[in-house]
Amino acid sequence: MRESEMCAVIDLNEPSQDLAPLTNERPVGTMPFAGRYRLVDFPLSAISNAGIRTAGIFLPRSSRSVEDHIRSGQAWDLDTITGGVFSFPYVATRDYSDPVNIHRYYDNYLTFLIKSKSRYVFITGARNVSNLDVNALLQFHQASPNPISAVYRSVPTTMADPDQEGFVLGEDNEVIGFAPSHELPERTSDHTKPISMQMYLTRTDYLIELLSRVQNSGEFTRLPQLLHEEIVSAQANAFEYTGYCATIHDIQSYYQANMDMLNEENFHALLFSQRAIFTKNKNEAPTYFAPEADVLGSLLGTGGQIEGQVRHSVLFRNVTVEDGAHVADSIVMQSSHIGKNAMLSCVIMDKGCIVGPNVKLQGTSSAPIVLAKGTTILDQAAAEEVLQS
Amino acid sequence: MRESEMCAVIDLNEPSQDLAPLTNERPVGTMPFAGRYRLVDFPLSAISNAGIRTAGIFLPRSSRSVEDHIRSGQAWDLDTITGGVFSFPYVATRDYSDPVNIHRYYDNYLTFLIKSKSRYVFITGARNVSNLDVNALLQFHQASPNPISAVYRSVPTTMADPDQEGFVLGEDNEVIGFAPSHELPERTSDHTKPISMQMYLTRTDYLIELLSRVQNSGEFTRLPQLLHEEIVSAQANAFEYTGYCATIHDIQSYYQANMDMLNEENFHALLFSQRAIFTKNKNEAPTYFAPEADVLGSLLGTGGQIEGQVRHSVLFRNVTVEDGAHVADSIVMQSSHIGKNAMLSCVIMDKGCIVGPNVKLQGTSSAPIVLAKGTTILDQAAAEEVLQS
Amino acid sequence: MNTEMLAMILAGGQGTRLGKLTRFTAKPAVPFGGRYRIIDFALSNCSNSGVNTVGVVTQYQPLELNAHIQNGASWGLAEKNAGVTVLQPYASSEGEKWFQGTAHAIYQNIAYIDLYSPKYVLILSGDHIYKMDYEAMLAYHKAQHASLTVGVLPVSMDEAPRFGIMNTDETNRIVQFEEKPKHPKSNLASMGIYIFNWAPLKKLLMDSYSTDGRMEDFGHDVIPAYLNRNEPTYAYAFHGYWKDVGTIKSLWQANMEFLEPDNPLDIDDRNWRIYSRNDALPPMFITETAKVHRSMVVDGCYVAGEVDHSVLSQNVKIGTGSVIKDSMIMPNAVIGKNVTIDHAIVGERAIIGDGGQVIGSDDDIAVVGFQEVLGRMEEDK
Amino acid sequence: MNTEMLAMILAGGQGTRLGKLTRFTAKPAVPFGGRYRIIDFALSNCSNSGVNTVGVVTQYQPLELNAHIQNGASWGLAEKNAGVTVLQPYASSEGEKWFQGTAHAIYQNIAYIDLYSPKYVLILSGDHIYKMDYEAMLAYHKAQHASLTVGVLPVSMDEAPRFGIMNTDETNRIVQFEEKPKHPKSNLASMGIYIFNWAPLKKLLMDSYSTDGRMEDFGHDVIPAYLNRNEPTYAYAFHGYWKDVGTIKSLWQANMEFLEPDNPLDIDDRNWRIYSRNDALPPMFITETAKVHRSMVVDGCYVAGEVDHSVLSQNVKIGTGSVIKDSMIMPNAVIGKNVTIDHAIVGERAIIGDGGQVIGSDDDIAVVGFQEVLGRMEEDK
């Protein structure tokens with residue numbers, strides 16, 4: 001039965017403090033992306049495209065947006081009778097000096113893994129936006145000697161974030177250690193460093209045994225940390241992902257990843273490949289371009305009303321750009337409204353923001369202005385106030 | 001649009017301490033009932049049969065069993081594009097001296113009610129097992145003068161639990177007060193007392209206004225208490241439900257309600273009426289009655305294997321009764337196993353219990369023996385141990 | 001099962017007047033307005049009106065229609081004891097059953113309708129663009145104690161000779177039906193929308209097929225029979241936007257009207273949404289070389305050329321230097337570079353090679369058929 | 001879309017040999033084993049084998065079959081770009097399309113199959129009771145580099161003259177096909193299960209219909225043509241429980257075998273579940289006056305009489321004093337009081353009035369048809 005060949009664990013407990021205010025009411029995993037998606041659509045689509053029908057979602061503190069988005073999992077074929085989405089409540093703030101809580105922590109994972117009746121488990125987060133072929137990873141794993149495989153990408157030394165964690169690789173391309181990027185040796189052949197994508201594949205029974213062992217030891221180590229230790233001690237097979245990838249860890253990286261999608265090559269690699277990206281469906285009317293609309297180099301969702309000028313921007317669904325408004329190098333999320341003759345440049349507007357007529361907001365690409373969800377700025381005085389707060 | 005005529009709120013935060021150990025890992029709402037159902041199937045089916053497609057489920061502390069059971073809501077047509085199940089996390093243990101938490105408490109309800117775009121809202125719990133015609137309640141409400149309606153049933157004075165709460169009714173059958181049953185005057189016409197079923201119907205905008213008012217006052221009153229006060233101050237129209245009803249509040253009432261279903265009249269009234277009771281579907285094989293099977297006066301789920309004697313009992317799915325075993329006046333939940341020549345009388349076995357060969361367990365109808373989920377009793381010595389603990 | 005009113009959508013027509021656009025698909029599956037197929041309007045009206053049991057009667061090239069409708073969940077119509085059922089011809093022990101006309105199609109599907117024991121049956125056509133509340137029409141039908149209510153559209157007296165015209169008395173009771181009258185007495189045109197009390201209609205159809213008086217068509221046979229027998233038959237006037245898109249010209253016109261900002265169809269009205277099947281497509285990409293004005297564009301489009309007063313459907317690609325004007329481009333069409341398209345409808349999956357020209361006029365809309373290929377693309381990475 | 005192997009279930013047969021049981025329903029929709037309909041076995045085998053695109057070809061009384069299958073979700077077959085499609089006759093611009101035989105039914109649905117561009121097509125029959133892993137058969141097909149693999153069942157040499165027999169060489173390659181040979185050379189009976197490489201089969205069918213050599217039937221036309229042309233054609237032997245339930249006798253027998261505790265069908269095996277549509281029904285109620293032995297009973301049953309060595313389907317009612325023996329009772333049948341039923345099949349929704357007798361024998365199974373009413377019930381609250 002192919003359905004139970006693999007299951008997946010998506011852990012949405014990822015660092016989000018540097019993404020505030022966009023992550024005030026959502027985890028990194030449900031941040032809107034590229035005019036239509038949420039970040040979690042990428043791992044969900046990857047597993048769906050690999051034929052995986054059983055997924056465990058480990059919920060973060062603000063779980064409402066995750067549940068609203070995933071619902072029954074239908075958009076990713078995760079609602080079949082042989083599979084399903086199983087969500088596990090947020091547990092990070094429990095008191096883990098209490099042995100009962102320690103026991104429960106592992107029980108959540110163990111229950112899911114045992115019920116999945118799968119041979120392999122794929123473990124991922126959502127902040128590494130990519131379009132991974134999980135079946136290729138499985139084939140690689142099956143042909144490799146060690147019990148766990150870990151995914152990395154090669155980042156040119158000049159582009160590597162010095163704090164991102166990378167692999168120290170052994171002679172047979174096995175993981176022998178971890179180090180922050182700036183401490184890693186450059187691979188001389190192509191001047192890159194192998195950066196971890198925090199995605200793993202292993203046999204389900206192997207992970208069950210690992211978790212049971214830790215559970216019985218009475219010690220407490222969270223799964224990400226556990227895997228971290230395990231891939232070194234088990235000398236994980238290192239699988240290189242070569243497609244587009246961005247790690248969303250702060251406002252700047254989020255902004256840049258969206259802007260990356262305005263490059264046709266990136267757009268096609270991530271969103272228009274053989275492996276489609278699925279998302280929750282919405283019935284919206286087509287976007288209307290008025291006689292005076294002037295849009296260039298941009299991505300737009302449906303349901304929009306465009307009367308003004310849009311340059312090099314990402315607009316989500318139901319966005320209105322009124323007559324005479326200029327929007328450049330910006331990200332405008334769902335149901336936001338930009339008034340007549342407003343001028344926006346390098347701005348990130350969260351859902352449902354309103355910018356009034358003639359308001360000017362000018363950020364920079366290295367420090368875009370961020371408007372939190374539902375912000376209303378009716379005039380320039382209000383704008384100054386918001387910017388100073 | 002009929003879909004948005006009504007929405008429903010199902011609040012699963014109901015007292016469960018007297019139902020331990022059956023409620024150790026589940027709320028009252030997901031207690032198995034009558035060989036096939038969970039208690040929450042009754043309110044869910046009532047709203048589904050009334051054409052309601054939008055429901056808010058307020059989750060109790062142990063929410064896993066609720067989410068596993070309801071999933072997308074498909075079994076109750078609550079997964080359509082125009083509606084859905086919206087679940088709200090458990091909040092009862094938050095610190096409500098904190099104004100932020102107070103605000104959020106009401107926001108949960110308000111968000112749901114506003115999003116529902118409904119004209120009316122039906123509010124219920126799950127512990128009053130019944131088969132209510134919610135459309136009849138709506139028609140009654142529309143024809144009644146006061147802004148809220150409350151459901152009661154007439155319980156013969158001799159059968160009324162003295163602590164259950166009833167209505168003090170005015171001349172026009174409006175609610176003018178609350179009192180525990182033993183303090184209520186008997187209605188001389190039929191020697192009954194009007195007992196509250198904790199089900200209400202009101203205009204959605206009315207409830208929104210009520211909740212907003214309290215939210216803005218800064219005081220904190222939970223919704224059940226709020227409704228409690230409101231139906232007196234607004235002199236709620238009292239709607240009488242006349243079908244089968246049982247309030248599940250302790251082991252004895254739970255046991256009795258299951259035994260009630262072995263009476264054909266109750267069985268038909270609750271489970272075989274015009275308004276079908278829907279539940280999560282399971283693919284099980286037929287139940288096999290072996291040559292020596294001897295079953296009388298019992299309800300059985302599918303997937304069973306019956307070789308022994310069963311009398312006046314309720315067996316859920318996948319139950320095995322081995323050769324020579326006797327099961328009488330008992331409730332045996334899913335996947336339990338009763339060994340050769342075991343003798344059970346007045347026993348409640350939770351899911352996945354095993355009783356070994358020749359073991360005797362003899363409870364009484366007023367004090368049934370309860371085996372917690374997964375209990376294994378291999379011999380009589382183990383039985384004594386379990387009974388004494 | 002018991003359903004108050006069940007809808008039957010007659011989606012059987014081959015739509016020969018739509019020519020190349022329906023060679024491989026049924027007319028109701030023809031795309032409209034960028035995001036929709038024609039039948040979405042009838043299905044969404046049903047959903048919004050609380051009519052949740054719908055039979056779709058079809059016998060012509062049903063593959064795409066079936067794939068579009070699936071189980072009806074896209075329109076909120078996949079409930080227990082309800083839902084959308086596609087009804088095709090089948091064989092019974094009495095022989096093979098093809099549909100010979102609108103009333104005959106109902107006659108052949110009596111067994112389906114009786115599964116739900118409806119009190120009323122709503123008959124709809126699958127090829128009209130409009131938003132209508134059938135629940136209000138049913139309320140009217142009940143209030144009049146009608147046996148049959150016919151949806152009618154007031155048209156100008158000039159246009160009336162092109163329609164089936166209902167002549168009514170002062171109570172809206174229909175006293176006469178005239179098919180395309182030269183000298184119309186009224187301006188109430190039949191929309192082909194009927195609410196019947198099911199029991200008498202079923203009896204009439206069964207009686208007619210057990211004798212020689214076979215009732216094949218509602219307009220031609222059934223309505224005259226109802227009037228003859230003095231059955232209470234009323235007209236229910238509809239006043240909103242309504243368009244029969246049965247010809248190339250009217251389909252093109254309806255798409256152009258759809259572009260008007262104050263189009264009375266009001267597609268954006270969130271209280272009466274038009275639902276459709278949703279595909280997994282990326283957002284629209286408008287490149288640095290594009291110009292888009294007075295147009296509707298949807299998911300999956302890639303626009304590098306100029307689009308003026310046109311409708312682009314899902315997954316349409318427009319190459320650089322191309323100009324699309326006063327046209328409707330259907331899903332998955334690929335337009336190469338330096339193409340000119342004017343007053344045209346381009347069918348699904350059509351390919352227009354570089355430099356191609358597809359030019360029609362107000363009186364003669366140019367059409368590129370389903371999967372038709374004109375010219376060829378230059379090599380391009 | 002791209003599917004490695006697509007399944008086509010040929011469910012078209014009227015099943016005339018099942019007589020009164022199929023007067024209003026297609027054979028694959030006939031109930032079996034209390035909880036199932038015959039087609040559940042083929043659909044569940046597909047689901048368990050990872051074959052998730054399935055076309056069900058039918059033209060006879062499809063209403064119940066359609067209502068049963070819906071969108072295939074009950075079998076886990078409702079995925080995007082996959083799923084179950086019921087394929088009925090339709091009209092194209094070339095005319096009306098009825099299915100004239102097994103191969104002709106595939107020919108008429110080439111457009112459907114090509115939607116998924118499969119490499120392999122699995123042909124199944126909708127009226128067999130068995131559990132089979134088609135994925136293992138495909139692996140065999142690939143390993144042999146076959147163009148066609150035929151599922152075969154080793155039967156006893158006595159039985160062989162009743163079947164289509166495949167004569168093979170030592171590599172399992174089929175060298176000869178004999179329909180019901182008087183003197184069989186082998187005991188490998190065709191199960192009517194085929195894996196074809198789609199491209200050559202499509203070409204063969206299209207060529208045959210563009211000339212006079214129309215290939216209507218797989219056994220009669222296609223397999224001989226494959227052998228003639230020396231296409232690599234292999235036999236794949238199946239060794240589990242397999243039953244064709246095409247006659248009243250064999251349907252009854254299969255139900256009786258289903259009651260055997262060590263029945264090799266192993267319906268309880270959780271690694272190869274047989275799925276079916278689930279209705280909302282209460283648990284079974286066994287009253288104080290019942291006796292139930294050696295029997296299968298399911299949800300919704302109400303048993304007040306004696307049931308011995310019988311299968312009761314969903315929602316069956318057995319009144320007090322009645323005795324049901326060696327019989328199969330189909331869904332929603334109502335058996336009154338003091339009825340005797342022995343060696344019988346009682347059809348769906350049949351009603352047997354009080355005191356009725358339906359008695360057959362091993363050689364002549366008694367049958368009460370779909371919705372048939374025998375006798376009448378006493379007044380009873």
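Cβ atoms are placed via backbone N, Cα and C, with glycine included.
TrEMBL labels come from automatic prediction, so no person has curated them.
Here TrEMBL flags D:Gly164, D:Glu179, D:Lys180, D:Ser190 as alpha-D-glucose 1-phosphate binding site. TrEMBL lists D:7-259 with the feature domain 'Nucleotidyl transferase'.
Taken over all pairs of the listed alpha-D-glucose 1-phosphate-binding residues (D:Gly164, D:Glu179, D:Lys180, D:Ser190), the Cα spread reaches a maximum of 11 Å, rounded to the nearest whole number. Each residue in the domain 'Nucleotidyl transferase' (D:7-259) has a pLDDT score, and their mean in this model is 91. Cβ environment of D:Lys180 (alpha-D-glucose 1-phosphate binding site): D:Pro161, D:Arg162, D:Phe163, D:Gly164, D:Ile165 lie under 8 Å away, each six or more residues apart in the same chain.
Apart from D:Gly164, D:Glu179, D:Lys180, D:Ser190, the alpha-D-glucose 1-phosphate site neighbourhood in this chain, defined by C-beta within 8 angstroms of the site C-beta centre, holds D:Phe163, D:Ile165, D:Phe177, D:Glu178, D:Pro181, D:Ala189, D:Gly219. In this structure, the binding-site residues under consideration are D:Gly164, D:Glu179, D:Ser190, and the one with the smallest number of other Cβ atoms within 10 Å of its Cβ is D:Glu179. DSSP assigns D:Lys180 (alpha-D-glucose 1-phosphate binding site) to coil in the three-state reduction, outside any helix or strand.
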